[in-house]
Amino acid sequence: MNSLTKSINLDKVSYPQSTVKDYILLMKPRVMSLVVFTGFSGMWLAPNSLHPFISVIALICIAIGAGSAGAINMWYDRDIDALMKRTQKRPIVRGAIEADEALSFGLIMAFFSVFFMALCVNFLSALLLLFTIFYYICIYTMWLKRSSIQNIVIGGAAGALPPVIGYASVSGSVSLDSVILFLIIFIWTPPHSWALALFCNDDYKNCKVPMMPVIKGALYTKKQILIYSVLLFLTSLKPFFVGMSNIIYLVIAAVLGLVFLYYSISLFYDNADNKQAKRFFAYSIFYLFFIFLLLDFCRV
């Protein structure tokens with residue numbers, strides 16, 4: 001039996017009563033935490049001073065916008081989520097929330113996040129938030145994810161936009177500084193996601209999602225991870241050279257980047273199992289959080 005034909009008819013199952021926890025999980029809280037954190041960094045690194053009320057509203061809107069995109073993503077991907085071990089416990093798959101209910105929830109949150117961003121903050125940040133939600137749902141989830149080996153590379157732009165939104169919410173503009181923040185996340189996303197794809201390769205293959213390890217194999221993927229790791233190392237040093245951060249940032253960012261490179265090289269030469277891919281994946285999360293934390297504390 002074809003793996004896709006084995007997926008559960010999630011629209012016809014009997015659903016138990018939903019809980020608050022189910023709706024929180026529907027919004028992908030781990031992704032939300034990264035989005036909010038990088039969004040705050042964009043706000044903090046903007047040239048203007050932070051307005052307490054507007055800053056809080058902006059962060060809430062960014063969080064709700066990210067949550068809405070996560071909810072609609074789970075609605076659309078419920079068929080393949082049911083087939084993947086990593087996603088089989090998501091709320092729609094296990095019957096905690098109906099598919100139509102999840103879609104309505106996501107759309108309502110998306111509307112209010114953009115509406116209040118425009119009403120209380122500024123139109124530029126609202127437009128950027130709207131574009132980010134649209135890009136993640138329509139360009140990545142509905143189009144690229146299931147059709148292109150470059151799904152993560154191109155689709156990663158959505159995850160890289162929160163600091164730009166945060167920056168625009170304070171400054172009312174987009175500048176070189178915010179573009180550099182975007183580039184750090186944009187270049188970080190492929191190696192991070194491909195490491196996950198390496199140790200979840202069977203799941204992606206089973207669902208016919210054209211992740212790079214599925215189409216090109218592990219060795220080619222590891223080469224790409226190494227290339228992107230070098231690019232990330234170079235990009236992560238740019239904040240110092242454009243006057244965004246001080247020498248402390250440069251030194252620590254260089255060390256973190258070298259460790260990132262070490263893990264990518266170790267992954268490239270690892271032929272045993274997926275342990276090195278899991279180590280690389282775990283470190284990549286730590287790396288991004290710490291780089292943005294450094295930017296916050298070492299700004300000029």
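From the backbone N, Cα and C atoms, a Cβ is placed for every residue, glycine too.
Lifted from Swiss-Prot, the feature list:
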- 31-51: transmembrane segment (TRANSMEM)
- 52-72: transmembrane segment (TRANSMEM)
- 92-112: transmembrane segment (TRANSMEM)
- 123-145: transmembrane segment (TRANSMEM)
- 152-172: transmembrane segment (TRANSMEM)
- 179-199: transmembrane segment (TRANSMEM)
- 225-245: transmembrane segment (TRANSMEM)
- 247-267: transmembrane segment (TRANSMEM)
- 280-300: transmembrane segment (TRANSMEM)
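Most Cβ pairs under 8 Å with the transmembrane segment (280-300) belong to 179-199, among the candidate stretches 31-51, 52-72, 92-112, 179-199.
When Cβ distances are compared across the two stretches, the transmembrane segment (52-72) makes contact with the transmembrane segment (123-145), since 3 or more pairs at least 6 residues apart fall below 8 angstroms.
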